[in-house]
Every structure is written in C-alpha cells, then in structure tokens.
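Novice: Here TrEMBL flags 19-136, 261-377 as domain 'Response regulatory'. As annotated by TrEMBL, domain 'HPt' applies to 148-241. According to TrEMBL, the feature 4-aspartylphosphate maps to Asp68, Asp310. Here TrEMBL flags His187 as phosphohistidine.
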Amino acid sequence: MTEPPPTATESDLPWLVARILLVEDDHVNVEVARAVLEPSGLTVSVAMSGSEAVAASIAERFDLILMDLQLPDFDGFEAARQIRAGETPGRRTPIVAMSGTIGPDTPRRCSEAGIDGFEEKPLTSELLARLASRWLADRGQAGRRAPEIHSAERLAALFRESAARLIGDLRRAHAAADRDGVMRAAHTLKSISARVPADRLNGVCAQLEAAAGDGQPGDLGPAVAAVLDAYAALDPSVRVGPVEAPREEHVTAPAAQSAPRVLVVDDDENERFLVRRMLEQAGYRVDECDSGQTAIAYCRDRRPDVVLLDGVMPGMDGIATCRALRTEFPPGRLAILMFTGLDDPAWHARAMRAGANGFVGKSVGVGELNGNLRAALIGCGLDERN
C-alpha cells in the first residue's frame, strides 16, 4: 500500500464534485471535517458507527470513504471488511483510514481489511489536498477553485459546541469548589468568545478568570453567575467571521517548499482549529497537540520550528511545558511563543524565565500572528533553516 505523495496544496484544489462518506463518531470532529471538506464542493454524508457505515455504503454510491478506526460498535477495520464483502464487481469505493494513532501494524491491518490508504488525524486542508490529488483527481471542475476560507456558519457552530461544553465544565468545577477548574473554563471561554460578537461574555469571563486565579479565598459565586447570565443572553444565531487576513493587512507568506513548521498546543479543539486556519493561510505547515505531554513527545519525534503554546492547560500547563522543552531544545533549535489571553506581568516574567521567546495574544489577527512568528524565528536564528 503506497501512500500518496504531497503533490497538491490548498491553493491547487479545484472545485470537487464528489460524494464522501465520513465515518466518525465524535460530533465536533464531524463539524471540523465538514468545515474542511464542504467548502471545496464535496457532498458529505456522515455515519457515526461501523454498522451505519456499512448500511450507507449499500444504500448509496460514494466516491471516497474516510473511515475512523475507533468506532463505538466495531472498529474501522471490520467496517471496511464488511463494506468490501458487500461490493459488487466493478464497484469498489476507495477507503482511507483516519486515526489519531498510527501504530506499526496499521499498514498491515489496513491492507488485510481492504483499506486503500491511511492518514493521521486531524483532517486538515493540507491533507485534503493530498487526498483529492490521489483519490478524486477525476472529479474536479476545470476553471473553478475551492474557497480559501471556512464557512462562517460552520465556525459559529464550533463556537456554540465548545461554549456549551465549557459552561458545563464551569458549573461542575464551581460545584466542586475547584478554583483551578473554574479558571481554566473561564480562560478558554474568554478566548473563544473573543472571536464572535460576544463582548459581554468575554468581559465577565476575564473577570472570573482573574478572580479564580488570584489566590484569594473569596466567593466566586457572583462572578460565575455573571458568566452564566451572559451566556444565557447570548444570541443563539451568533456568527463567526471567516478566518482570513483583513484586507488592510499585508501578510508575507513563507514559500511553500521552505515553510516553517508550527506546532499549536492548546487543550481547546475550537481554538486549535481556528489558529490552524490562520497559520495555513499565511503559508505555514501546522500540526496540533492537545496537551503539554503530547507536545513534548511530538518535538522529540518531529522537529518543529516554532511551538505556539497555550498558557493555561489542565495537567502540565504552558510554563511547565516550556520549561520541559527547554531542557532538550535550546532557542537555537526551537522557538517557543506563549499563546495566551493572560494579562499578568508576573506570569509573563515566569514564562520568560522558563524559556519563552515571546507572547501572542489570543484573538489576534493573522497579520500580527504571522509577524510574531517571523520575529521569533529570526530571534532564535531559525530563519536560515527554512
């Protein structure tokens, strides 16, 4: 089984007329995948389990099946075997496995199940270009190009999904008198609300975050109530603007063949998704991790040029992660930028002592983000490497 070479980039994508079956049991992952796939003209059907995937493949003809390997009833390998068993002669749909964990036996198991290829999650624009180049080459419409931004409706749906989850986290943390949990939920909710017309919610989240993190034993009840009230008053149709560079900003994108690789480390999937889109549009190669521990393992295995590191994460926070990275990767090998909404000089000083090269505020535009990344690369002497 030969993996497709990276022969296409997002800017090369035509408008694709094809039907895809997405087999994925996580609702947020489905929304993220649709936000990548549908703007290119693809029609996406979703199966949430292996049995649904088998039934859908019998009922409809698809041009490509993207198969999650971890499913609630039986796994993607078994689903692929059943799909292959039910196909008629001359009707063989390409199946590409998607997984967050690619093990040493994955190629063998895919081949035995009749799976044609495998890719590591998350599903990104760069990955879509590779898939389209390999499996949907004959489905493009000449003269039409895929849009370069995600739909506002999809991004708004991601905000609503994440906000509802974070409100639940906040309620549970407050009920358990978990001040750190309250602070983390408020911090992340503050960050994502900065990207939508939710100024009131953003402001009260900032106040709650500060109150929960000041080390004082005061009652957080009124501040929590203010956040819940602001969330309840939020317009349910709130929209998110497309993630693209403002027209007045000039963004100098690195050349594709020498683009620096950025690792985005944030425990919030919505935040990672939005930042990734900005960075990819500025020309960077981007990977993601959801924790400090996975970021350290990633940097040992693959060598990014810059780590964009969330300051507030459960478990190993941004400062601890930065300190651990610096024991193995000096500034001449890796630039580290703290990605944070915190406005605390003492915290910033601690981050610098831990080895951070600078700071990027959450909710910044792509021009400012790109400028900070380029400055960090130059400051660490890494610009010559790319």
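Just so it is clear, glycine is given a Cβ too, placed from its N, Cα and C backbone atoms.
Let's see these features in context: how buried, what's close, how far.
Specialist: Helix, strand and coil counts under DSSP for the domain 'Response regulatory' (19-136) come to 54 helix, 24 strand, 40 coil.
Taken together, the residues of the domain 'Response regulatory' (261-377) have an average pLDDT of 85.
Of all Cβ atoms in the protein chains displayed, 26 besides its own lie within 10 Å of the Cβ of Asp68 (4-aspartylphosphate).
Long-range Cβ contacts of His187 (phosphohistidine) within its own chain (separation 6+, distance under 8 Å): Cys205, Glu209, Val312, Gly341, Leu342.
Annotation for Asp310 (4-aspartylphosphate): same-chain Cβ neighbours under 8 Å, separated by at least 6 residues, are Val265, Asp266, Asp267, Asp268, Glu271, Gly318, Phe339, Thr340.
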Novice: Where does His187 (phosphohistidine) sit in DSSP terms: helix, strand, or coil?
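Specialist: Once the DSSP labels are grouped into three classes, His187 (phosphohistidine) ends up as helix.
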